[in-house]
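TrEMBL has this to say about the protein:
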type: ACT_SITE; residues: HIS212; note: active site, proton donor
type: ACT_SITE; residues: GLU350; note: active site, proton acceptor
type: BINDING; residues: ASN112, ARG113, HIS212, VAL213, TYR214, ASP284; note: beta-D-galactose binding site
Amino acid sequence: MELNRRTVIAGAAAAGIAATTLGTGTAEAASGGRKPVKEPFGKLADGTKIYRWSLENGGTRLKVLNWGGVVQTLELPDRRGHYANVALGFDNIDDYVAKTPYFGALIGRYGNRIAKGQFTLDGKSYQLSVNDGVNSLHGGTQGFDKHVWDVEPFVKGSDVGLVLHYTSVDGEMGYPGTLKAKVTYTLTKRGEWIIDYQATTDKATVVNLTSHVYWNLAGEGSGTIEDHELTIPAGRYTPTDSGLIPTGELATVRGTPFDFRETKTIGRDIRAGHVQQVQAKGFDHNWVLDKGITAKPEHVATLRDPRSGRTLKIASDQPGLQFYSGNFLDGTLTGTGGRTYRQGDALCLETQHFPDSPNHSNFPSTVLRPGQVYRTRTVHTFDA
Ligand code: BGC
């Protein structure tokens, strides 16, 4: 499949175009943002020190761990200027190591599921680490979210940010090739949060990197997201089997609860009894974005909390979006604010290639080859 090459090239173009846009100098830019601040955030069992970085720009505040590139907190003002942390997380490293359902983490080498953890590439079969029933989820038992990343802060014109590096060795979690991943978190002076993903490999492999922030725009721990309004410009989605592996069909959303083309609340159709929802305990599907793979990030979702007015717009160059309505939050985890998280207390919007792409020749390819550069960008714009 040559589609992957197009993704790779398209992604590169996107980064180029956007980099120029970000570089535009203004008086404000000249004053520059403040340098991210680093502080200790506990230790791993083997004594490895974990750090937390605090960044702020344009009214958006982020706290990021070098563990899994985790966005621990993301604070945004409401329409009256009152701040709330809108991302689920923990207040200590032990909980992240022992029981996180990927709160705020960077996901790799392959975001989402690969059936039975198996795929064939160039005639060779690979067995990946299996951690979700018989399937491999989010890279296996020790995905990119369960490693220490190298973190470098930067201030560039009016932008502030972090560059995160992780090298996944050949054979790690069963994946072929040493993959060098670089992820850049940028906060712009308009308060946008941009994620730039980049990766190279020394052997043909598959890659699908994403970010796993659990959003609640009313504030983490404040209750359900069922009254949040959501828009997804996608006329199709990928139905799954009971293990949440795509059947391969690209089904229409027309006349189903999966139709988010016109803005509606998440709660409106979440109990509609569609077999796909019953199977997933809610929404946990990949939407096939109408725009397809694009040269630069285009609109893929708008999420709004009507009470606070907080609005999140996401743009991406990727072909898919996983909307997960927090179905497996079961009241056993207590977050940063000391409140317990229950089913539907947050949602994830993961910009990505389709799940299980390595086993579906009709899906855009996720193959990365030596000499190619994987690049993709996600832009989060906030408003109130
Ligand atoms: C998946 C869910 C999974 C969750 C883990 C999401 O990306 O779509 O099925 O349970 O991650 O927290």
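Yeah, the Cβs are placed from backbone N, Cα and C, and that goes for glycine too.
The shown structure was predicted, so the numbers you read here are calculated from the model rather than taken from an experiment.
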Checklist outcome for this item: Close to ligand 1, in the sense of Cβ under 6 Å, among ARG113, VAL213, TYR214 as binding-site residues, are none
Item to check | Most distant Cα pair in Å, residues ASN112, ARG113, HIS212, VAL213, TYR214, ASP284 binding beta-D-galactose | outcome: 18
Next on the checklist: Out of ASP284, GLU350, which of these recorded positions shows the lowest number of other CB atoms within 10 Å of its CB?
Outcome noted: ASP284
Next on the checklist: Roughly how many Å lie between the Cα atoms of VAL213 (beta-D-galactose binding site) and GLU350 (active site, proton acceptor), rounded to a whole value?
Outcome noted: 8
